[in-house]
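Asks: One structure, pasted below without further comment.
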């Protein structure tokens, strides 16, 4: 390789490194917490803090209309009772759509609860809760939302745990028209978060901290005029609600038989609550998707 080619390659690699280092600065705004949220390590790490005065949170600069979103999180360690680390996509308004991961803390030695929910047209109450098969405070793990016109698939370390399907043909609303931002926050919810509110936050362990890294979004980003730009090349635009040119494989992705079996394994072994099997909900009449 000639000296010129080596120099060009070095410049390209340096520019890639700079782009990667600026990821959290480039993609997110810390929106509340009065300094308790921090972007560190040249944009490669974001931390949120919680003390008795306040929690903290951030949101994406972009809005997305479908995408594959990955984030690595390391949760509050030790006695995290009463704390909630929320990581979710949401639109705005009374008829908003929302796709939730919420991590409910617990007493030292007791497991976290992963609380998931899907809102369509302002209606939620589609809760499924899981234990995790690892300690989410010891290291970073990847939590993913795959949202395309046919499915919302939630994954933990690429293991599918939930698949909310588009059943609009059966009269069930599905998020497909409202762009959503990515939000995350660390806050005190000891009136309900841990063992139904029985265990309160122990402020002697404050400040509490959650950490984020490895953000990736292969997504359709909303740009001027309400159009979307999709894929890494950001070369094409599509009108809202149309099949988006430039989107990756995720746009038509669904679970094959192997991954369906993995999801069922997780649900069999680690799901601790399912709105479709809650006796109280059964008495009130289950949502239509539960019978499908």
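Backbone N, Cα and C define each Cβ position, glycine as well.
No curator has checked TrEMBL annotations; they are predicted automatically.
According to TrEMBL, the protein carries these features:
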- 1-21: signal peptide (SIGNAL)
- 18-212: domain 'GH16' (DOMAIN)
- 98: active site, nucleophile (ACT_SITE)
- 102: active site, proton donor (ACT_SITE)
- 106: N-linked glycosylation site (CARBOHYD)
Asks: What mean pLDDT does the predicted model reach across the domain 'GH16' (18-212)?
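Replies: That region's mean pLDDT is 95.
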Asks: Return only the integer: C-alpha distance in Å from residue 98 (active site, nucleophile) to the residue listed as 'N-linked glycosylation site'.
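Replies: With distance taken Cα to Cα, the residue listed as 'N-linked glycosylation site' is 25 Å from residue 98 (active site, nucleophile).
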